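Some notes on the structure that comes next.
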Amino acid sequence: SYDSFGDRVTIIVFGASGDLARKKTFPALFGLFREKQLPSTVQIIGYARSHLSDKDFKDYISSHFKGGDDKTKEDFLNLCSYISDPYDTDEGYKKLEARCQEYESKHNVKVPERLFYLALPPSVFHTVCEQVKKNVYPKNEKSRIIIEKPFGRDLETYRELQKQISPLFTEDEVYRIDHYLGKEMVKNLLVLRFGNELFSGIWNNKHITSVQISFKEAFGTEGRGGYFDNIGIIRDVMQNHLLQVLTLLTMERPVSFDPEAVRDEKVKVLKAFDKIDVNDVLLGQYGKSEDGTKPGYLDDSTVKPNSKAVTYAAFRVNIHNERWDGVPIVLRAGKALDEGKAEIRIQFKPVAKGMFKEIQRNELVIRIQPNEAIYLKINSKIPGISTETSLTDLDLTYSTRYSKDFWIPEAYEALIRDCYLGNHSNFVRDDELEVSWKLFTPLLEAVEKEENVKLESYPYGSKGPKELRKYLIDHGYVFNDPGTYQWPLTNTDVK
């Protein structure tokens with residue numbers, strides 16, 4: 001059971017005039033309200049430096065709302081108000097406290113409940129946290145604070161950030177958001193693994209020969225290169241999103257779904273990870289598309305000339321424990337590729353030849369986005385007079401299996417709801433970040449010493465660096481023979 005908030009809560013969004021708040025935070029709050037997962041009695045206050053009237057603020061945040069009729073939108077916006085003031089002076093926070101107290105006294109709230117959402121860059125985290133604690137955080141209340149990534153740039157900056165925040169708030173009050181943990185298929189991983197004996201019994205190095213977690217974006221930096229140039233793909237999605245997926249995929253069974261039990265097991269498996277071999281990493285940067293219509297990374301005017309920023313990376317992770325020792329695990333991610341997709345591929349050992357001269361390997365594919373799906377590639381006899389086998393699949397595609405009446409929350413909707421309920425399961429704990437930065441910092445330092453970096457160029461809209469296929473084969477992945485597997489419909493020309 002969780003320590004849930006009640007019906008009279010003040011939700012305060014800092015950075016309310018920013019892109020993140022407009023595109024993610026407020027649409028998520030509206031989505032919860034639309035689905036009656038957020039009480040209609042809460043108060044929502046936006047706080048930012050930008051000078052906006054209440055009307056302009058409401059027009060701004062509602063531009064990305066999905067679904068709901070005009071009445072629902074109007075009812076939600078009636079809960080919202082805006083305060084414009086600097087982040088580093090007391091004045092605005094005193095206005096904020098006055099507005100909170102007015103709401104709480106009007107509704108006779110005995111124990112104030114406040115949720116602070118920091119949709120802000122890390123450079124102002126400390127200032128805002130100090131001001132909140134000083135001016136808007138009475139001792140007798142129940143409060144929670146949501147912090148957005150990045151949680152530092154490396155181990156040193158993470159520790160510095162933690163040193164600033166930990167004296168102000170307890171770990172129980174802090175909710176570090178990695179939106180990948182709110183994705184439906186990621187939340188399904190523990191049930192899939194531990195709720196099915198079929199998988200539970202074979203989820204180990206006796207049966208699995210290869211694991212891949214891949215993240216593909218079909219677009220480049222498109223004018224946002226100035227931000228990406230300082231981050232790179234490893235810091236942007238691999239140290240956080242893909243690592244979170246990997247820990248859920250490889251952790252041991254927790255004693256329960258209790259948040260601390262789950263997070264304890266994630267930390268345990270992280271501690272079994274071997275150091276990443278910086279000499280066994282495939283790095284790339286996209287160039288112009290083959291037809292010349294899409295610009296290369298260095299053509300982005302916001303990028304440093306001759307930048308060595310990594311837009312594609314693949315590397316192997318080794319886990320030294322009884323379950324995973326010897327299984328090659330490859331994380332790979334890239335921008336400006338042929339499609340946008342995130343998925344997990346788990347390949348199993350081959351069956352003994354004997355009866356079969358040639359037979360393909362079983363493979364479990366878990367598609368996180370888009371269009372959530374789980375399918376298991378299996379061998380089956382080709383229908384008709386043939387005695388040949390071909391690969392087919394057992395397929396669970398959410399859109400065809402579950403009726404459209406199912407509300408599948410967006411990642412931010414799911415996570416804000418979890419925070420409201422007091423459920424920490426899908427948020428990142430301090431010691432988890434400490435271990436993950438210890439793992440990734442040496443890799444990042446090696447990659448960012450530019451003289452060491454060998455970047456493979458790949459065309460915008462391609463599958464990635466041409467060396468990728470060989471890299472995957474070298475790390476245990478066996479590709480299907482050409483023509484043996486056809487998706488989604490198998491034709492008579494199957495080999």
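Quick reminder: no glycine exception, Cβ is built from N, Cα and C everywhere.
The model shown is predicted, which means the values in this text are computed figures rather than measured ones.
Now, the feature entries from Swiss-Prot:
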| type | residues | note |
| --- | --- | --- |
| ACT_SITE | His241 | active site, proton acceptor |
| BINDING | Gly15, Ala16, Ser17, Gly18, Asp19, Leu20, Ala21, Arg22, Arg49, Lys149 | NADP(+) 1 binding site |
| BINDING | Lys149, His179, Tyr180, Leu181, Gly182, Lys183, Glu217, Asp236, Lys335, Gln369 | D-glucose 6-phosphate binding site |
| BINDING | Arg332, Lys341, Arg345, Arg367, Tyr375, Leu376, Lys377, Asp395, Leu396, Thr397, Lys463 | NADP(+) 2 binding site |
| MOD_RES | Ser1 | N-acetylserine |
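Feature annotations (Swiss-Prot) mapped to structure.
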{"residue": "Gly15", "record": "NADP(+) 1 binding site", "contacts (Cβ under 8 Å, 6+ apart)": "Ala21, Tyr47, Ala48, Leu118, Ala119, Leu120"}
{"residue": "Arg49", "record": "NADP(+) 1 binding site", "contacts (Cβ under 8 Å, 6+ apart)": "Ser17, Ser84, Asp85, Pro86, Tyr87"}
{"residue": "Lys149", "record": "D-glucose 6-phosphate binding site", "contacts (Cβ under 8 Å, 6+ apart)": "Arg176, Ile177, Asp178, Asn240"}
{"residue": "Tyr180", "record": "D-glucose 6-phosphate binding site", "contacts (Cβ under 8 Å, 6+ apart)": "Val186, Asn240, His241, Leu242, Gln244, Val245, Ile368, Ala411"}
{"residue": "Gly182", "record": "D-glucose 6-phosphate binding site", "contacts (Cβ under 8 Å, 6+ apart)": "Pro409, Glu410, Ala411, Tyr412, Glu413, Ala414, Leu415, Asp418, Asn426"}
{"residue": "Lys335", "record": "D-glucose 6-phosphate binding site", "contacts (Cβ under 8 Å, 6+ apart)": "Glu217, Phe219, Gly220, Thr221, Phe228, Ile233, Tyr286, Thr311, Tyr312"}
{"residue": "Arg345", "record": "NADP(+) 2 binding site", "contacts (Cβ under 8 Å, 6+ apart)": "Ser210, Val211, Gln212, Ile213, Ser214, Glu363, Leu364, Val365, Tyr477"}
{"residue": "Leu396", "record": "NADP(+) 2 binding site", "contacts (Cβ under 8 Å, 6+ apart)": "Ala373, Ile374, Tyr375"}
{"residue": "Lys463", "record": "NADP(+) 2 binding site", "contacts (Cβ under 8 Å, 6+ apart)": "Leu337, Asp338"}
Number of other Cβ atoms within 10 Å of the Cβ of Ala21 (NADP(+) 1 binding site) across all protein chains: 25
Three-state secondary structure, Glu217 (D-glucose 6-phosphate binding site) (per DSSP): coil
Site with most surrounding Cβ atoms, counting all protein chains shown within 10 Å, from the binding-site residues Asp19, Glu217: Glu217
Rounded inter-Cα distance in Å - Asp19 (NADP(+) 1 binding site), Arg332 (NADP(+) 2 binding site): 27
List of residues, in chain order, with Cβ under 8 A from that of Arg332 (NADP(+) 2 binding site) and at least 6 apart: Gln212, Ile213, Ser214, Phe215, Leu282, Tyr312, Ala313, Ala314, Phe315, Gly464, Leu468
D-glucose 6-phosphate binding residues Lys149, His179, Tyr180, Leu181, Gly182, Lys183, Glu217, Asp236, Lys335, Gln369: largest Cα-Cα distance, in Å and rounded to whole number: 22
